Amino acid sequence: MARSKSAARLGVDHTADRRRSPSPSPSRKKRKAPSPGPRPLTPTGKEKHTPEPAVKDNDIFNLPSSDYNVLFFLIVLAVGVRLFRIYQPSSVVFDEVHFGGFATKYIKGKFFMDVHPPLAKLLITLAGWLAGFDGSFDFKEIGLDYLEPRVPYVAMRMLPAVCGILTIPLMFLTAKAMGTSTASAALAAGLVIFDNALVTQSRLILLDSPLVVFTAFTGLAWACFLNLHEQGPKKAFGANWWFWLAMTGLGLGATASVKWVGLFTIAWVGVLTVWQLWTLLGDTVNVTPRIWVKHFYARAVCLIGIPIAFYMGMFVIHFICLVNPGEGDGFMSAEFVSTLNGKGMKNVAADVAFGSKITIKHHNTQGGYLHSHNHMYPTGSLQQQVTLYPHRDINNDWVIENTTAPAGGVGIGGFDAINPPIWVQDGSIIKLYHTATDRRLHSHDHRPPVSDADWQNEVSAYGYTGFEGDANDYFRVEIVKSLSDGVEAKKRLRTIQTKFRLIHTLTGCVLFSHKVKLPAWGFEQQEVTCAKGGTVPNSIWYIESNSHVQLGADAEKVNYKKPGFFGKFWELQKVMWRTNAGLVESHAWDSRPDSWPLLKRGINFWGKDHRQIYLIGNPLIWWTSTAVIGVYAVFKILAILRWQRGYGDYAVENFRRFDYEVGVAVLGWALHYFPFFLMQRQLFLHHYLPALYFAILALSQTFDFVAFRIKAFGVKKIPALGWTLAILFLTASALVFTLYSPLAYGNPWTKAQCKQVKLFDKWDWDCNTFLNNIDDYKKIVPSAKRSPSAASPPPQPLVAPNQQPIVAEKPKEETTLRADTKIEEIVEYRDQNGNILNEAQVKALEGKVEFETKYETRYRVVDEFGNEIESSDQPIVDQNAPVPEEPEAVEPETPGAEEPVVAAPENVEAEAEPQTEPAKEPEPEEAAPAEGAEPVDETPKVEAEAEAEIHDEQVEQDVEDVESVQEPEITAMETEEDPVNSVDNSSDSDSDEPLVVETDPETITSTATVTETLSNDSEEEETSTPEVWEKDSAEL
């Protein structure tokens, strides 16, 4: 029988009968190969079953002992590579800030929201807890030292490291299950060992190592199931068949429970499952309809049911652990938050009447409560700001008024006196009176300061005590019946149950809020506008709290319906999805998917003491695996074209097996890589690691066909040559790994060594970071950045934005400190007026106030007996004191207390607005520059934050007529309990409201007089620049 051209080229010697490839001449009639095309029919019209050649059983439980010896050697090698100096560096690295911080929150039970599912975070927490971690370290900043606070960071890093080690035997066994030789399987496992990116990720408290190991486990289980499936229907539904199918489902659930990238693994298994079922459907000889349905249900239960059950089980544990309020509260609905400890709300009156004191909450964005405070917009009308604020506060309180004063009463008191109360119906025209500032909710034809668009109007609070308001305060209630719960709630306002819109009667715009943050002058709270044609979800509100003097204890009460597990689970999934999709801002180290296979850019993880950790892969492994993917793509295109032209290449077993085996791995690579092109969110190099795993598998399979299966290459005849090639490639990979290993381990490196291996400018680590000689590293004393949780940082001086520290007049003659100079530290306690407090006064204030710490360096000259020598020189303030970092501006809120009233400077430009009715709006008094302060954790930082952030144009105008006011030495804030605790967990309160605090007005507005002395031989010129700092103690 004549030998086909394709078979001759592949060097395959088949003794079984097979169809010969037709001549390539286009003049001859072409016949297609039997495998991809339709099968021949029997005379009865049924499809004839053509048995496939027998497939070797690659059961991983029947491997020879030599394979286990090789596997043991690879595991030992992986342990050495992954655990080498795992204690290094001994400070927080890159995303350990997040995932270590999540461990702290799990241990403390504080609810948080993360875009990733909880499995890996729970495992990391378990590792830390078993090692004695108590959650006292917050991981809040890269570079924080682990050693001094005794954080068991090595134990926590061991979890990803063990996952990285387990990836090696999983890769080896997967390659064996796919039919490769021992040399090729060892090559695949060795490449995983020596990839720098996989090593770096597996040595830190990160999620990618658990993700890769669960992906690898799924790949092994699926490869073993494929091995059984290919051996024919007789292997179906056996014990091994069920075991590996169930393990595949378990792996899919675990992978998806680490990161949603696991959905790509589910897609990989799903595509191959559909192909299997389609093939079984065509086997009319061995697979009856009943058996096919059994195949379908078996796969549905194991590949859909098990993953879903496992995934949801992880969230059961997640909710059990996180029972206390935390930073994630603001992402969730009020119903969800009410399930947390101390966040439940007392039952409130259901019916809303004119005169009711209410809080109004935004329905869609979880931005918080409709809120106003005594701060003005810097542009537009210059009137009082209206925002959304996420915490309960006195400044969220509004009273519903009718458009006219009630008979027999005036203003608020009159509405309260009406009995029986008048319910607020659908279509009622109302005014909303802000109780804390005596102003009313107001809108007019001014553009908002941030969303400056024609379809947006500014919303402000306007008025003053005794002013009844104007027509710009009128809003019409429009109940959204489709979202309201209950018959009565669709007719009139009812607490919680009614969802409504507020339509401005004069302009027709709707009260609106969206996820746009105001700048620092608005304390980064969420913007509120009046939108013409705004989206319906963002214009829907509801009333959360409601009280009225005429509604007694017997009035109907309502409360939030606490969701069960499935309600909380589904809400959290939606929030995770929206938050993940919203991560679209650029990052200093992000990259796009097209750069990953070629390793164009990495990620800077950490740098300190002339060392650096930089995520970069092994160039030899990445580029070779990418080349193999390209080779297979070309092969597949040519194979399809040749099949269409009638060539019988698929009749050749090696041709068919290469296409199938390598194709399975390349499909896994493609489904873990190409979906990232559809994402607009931040992406990083580590997102490519699961795809890299499949690329390495494809590389080892391709090597196996070249070295051990296809005779045409000449390697198959000499098995030792295949082993030699595998060892040489592994050796080269290990050498390249060693060259870049200082970036993985944070080891000493020299500039010259760095520049030799930095092949591209886009590899943007800085070689100048490193020293010239390795010996120079021995002279460096490692720096340790102290953790705030371990030791308090030195207090920071208060410095206004863009201002130098206050400097007194320097002595005309320089003073050189002698060796016997003594340094004394004196602590003085002063009140807000600068008066020194004695010991008894300080003791009486303990627990009631918070002190702001300032450092001041003074010099005095004494004689030999210690007597001070009088000098006219001014004291010198240390200019080298550190300047505090500028944190996010957060508005201080004062729940349950009246705001202090501060006299406004004279000649301040008044609020102005075009009038819409004859009555002229009076010129209101200037608002007090701050609200009350809430207790905080770090008083110096918070005080510096407020003074540094609140510095807008209006304040600068105020400066002109303000004379110097003594800068406060301390800030006294009366609190109900420990100021460190910002959550009130008392059982007798409605909810977890912030503590009630009062702030002395004189600590709110102060004037710092900066004195600069210019010294010449003949004259001195002294200038004084007063500057007003508006201060608002921030809530952390």
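Yeah, the Cβs are placed from backbone N, Cα and C, and that goes for glycine too.
Values in this document were obtained by computation on a predicted structure and should not be read as measured data.
Straight from TrEMBL, the features:
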- 11-20: compositional bias 'Basic and acidic residues' (COMPBIAS)
- 45-55: compositional bias 'Basic and acidic residues' (COMPBIAS)
- 892-907: compositional bias 'Low complexity' (COMPBIAS)
- 938-954: compositional bias 'Basic and acidic residues' (COMPBIAS)
- 955-966: compositional bias 'Acidic residues' (COMPBIAS)
- 987-1001: compositional bias 'Acidic residues' (COMPBIAS)
- 1003-1016: compositional bias 'Low complexity' (COMPBIAS)
- 349-403: domain 'MIR' (DOMAIN)
- 421-480: domain 'MIR' (DOMAIN)
- 490-546: domain 'MIR' (DOMAIN)
- 1-55: region 'Disordered' (REGION)
- 785-815: region 'Disordered' (REGION)
- 866-1036: region 'Disordered' (REGION)
- 115-133: transmembrane segment (TRANSMEM)
- 153-173: transmembrane segment (TRANSMEM)
- 185-205: transmembrane segment (TRANSMEM)
- 211-229: transmembrane segment (TRANSMEM)
- 241-260: transmembrane segment (TRANSMEM)
- 266-285: transmembrane segment (TRANSMEM)
- 297-320: transmembrane segment (TRANSMEM)
- 620-641: transmembrane segment (TRANSMEM)
- 662-679: transmembrane segment (TRANSMEM)
- 691-708: transmembrane segment (TRANSMEM)
- 720-740: transmembrane segment (TRANSMEM)
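A contact links the transmembrane segment (266-285) to the transmembrane segment (211-229), because at least 3 Cβ pairs that are 6 or more residues apart lie under 8 A. Residues 181, 183-184, 186-187, 190-191, 194-196, 199, 616, 618-621, 703, 707-708, 753, 757 of the same chain lie 6+ residues outside the transmembrane segment (720-740) yet bring a C-beta within less than 8 angstroms of a C-beta in it.
For the domain 'MIR' (421-480), the model's pLDDT averages out at 89. Here the transmembrane segment (297-320) lies next to the transmembrane segment (241-260) in space: the count of CB pairs under 8 Å, restricted to residues six or more apart, reaches at least 3. Using DSSP to sort the residues of the domain 'MIR' (421-480) gives these counts of helix, strand and coil: 3 helix, 26 strand, 31 coil. Sequence-distant neighbours of the transmembrane segment (115-133) (same chain, 6+ residues past either end, Cβ-Cβ under 8 Å): 99-100, 102-103, 106-107, 151-152, 155-156, 158-160, 205, 207, 210-211, 254, 256-260, 311, 314-315, 317-318, 321, 576, 579-580, 583. By the count of Cβ pairs under 8 Å, the stretch nearest in packing to the transmembrane segment (691-708) among 153-173, 185-205, 211-229, 241-260 is 185-205. Among residues of the same chain six or more beyond the transmembrane segment (211-229), those with a C-beta under 8 A of the stretch's C-beta atoms are 55, 57-60, 120, 163-164, 166-167, 170-171, 173-174, 177-179, 198, 201, 235-236, 238, 240-241, 244-245, 247-248, 250-252, 254-255, 258-259, 261-262, 265, 269, 272, 276, 664, 668, 672, 689-690, 693-694, 697. Sequence-remote contacts of a segment are chain residues at least 6 beyond its ends whose Cβ falls under 8 Å from one of its Cβ atoms, and for the transmembrane segment (241-260) they are 115-120, 207, 210-211, 214-215, 217-222, 224-225, 228-229, 235, 266, 269, 298-299, 301-311, 314, 580.
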